[in-house]
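The Zn(2+) 1 binding site annotation in Swiss-Prot covers H62, H64, H126, D146. What Swiss-Prot records for D66, H67, D146, H184 is Zn(2+) 2 binding site, and it gives sequence analysis as the kind of evidence.
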Amino acid sequence: MNMQLGSPVSVHPIPIYQGNYVWVMRHTSQNSVVVVDPGSASEVIEYITQHELTIASIIITHSHWDHVTGIAELCANLQLWRDEEPVVYGPSVIQDVTHPVEDGDRIELCKGVDVPSLQVIATPGHMPEHLSYLLPLTTPKLFCGDTLFSCGCGRILQGTHEQLRTSLDAISALPSQTEVYCTHEYTLTNIKFARTVEPQSQALIDYEQRVRSLRKNDLPSIPTTIEREKALNPFLRYKELSIQQAVENHLRLKGLTAADVFKHLRLWKDSF
């Protein structure tokens, strides 16, 4: 369990598929949890049952199957729910969402305890409807689905490069100590690309060694932090001269704008 010292909220990863995480948030004084992006139900049911917990609510970032497939089965098992009534927050385009939310909305995380509400942030780009959720504690926690990964970001599928760049700029502006909970264990693959862009980065070399050690012991590399990503992630560093020069050298072009650099960096990663 990833427990921030003194934090009233713990966050636990449930691995599913090949490198996905379902995140489970729990107030330390309660036995009900918030489940983030249940792409599969069986592992969540096993965890809930084993730890004698109940589900308070589910929150969803976007509509892809590996984030939503478990919703229906979890909702059908009413005995799993604290109030025997499924509560699913997320984009309105998702069929199983019972409580549609959008940018600027707030979600009560825990009843009867003094914890800030989750803040809903629109983060389109990977998908147009993509939402992220910020828990503004002393050490904030961001659940960002497939928008930001450690040393990487989501592919452009039905969104646009401009949308994704704007979303990542907004995430980058969050407090540096913010913990980032994405839903894929892509870190080593992303570091490989980041080192291609900045081959002289000792910080990337050191981080790769750290992540390899974690993965060797079957431990997640997530959460990361905004501070780390601003130092290492090329998609948050696209305005840096070293990134601009790398992209221009890759394209054999000069004079790219920051928006051009970001777009071509993402296209470079797409074919990497």
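Each residue, glycine too, has its Cβ placed from N, Cα and C.
Cβ environment of H62 (Zn(2+) 1 binding site): G90, P91, H126, M127, E129, H130, L131, G145, D146 lie under 8 Å away, each six or more residues apart in the same chain. Of all the Cβ atoms in the protein chains shown, 25 others lie within 10 Å of the Cβ of H126 (Zn(2+) 1 binding site). Taking a C-beta cut-off of under 8 angstroms and a sequence separation of 6 or more, H64 (Zn(2+) 1 binding site) has the following same-chain neighbours: M127, D146.
Taking the Cβ of H67 (Zn(2+) 2 binding site) as centre and 10 Å as the limit, one finds 24 other Cβ atoms among all the protein chains shown. Among the binding-site residues D66, D146, the residue whose Cβ has the fewest other Cβ atoms within 10 Å is D66.
Under DSSP, H67 (Zn(2+) 2 binding site) is assigned to a helix (H, G or I) in the three-state scheme. Counting Cβ atoms from all protein chains shown, H184 (Zn(2+) 2 binding site) has 20 others lying within 10 Å of its own Cβ.
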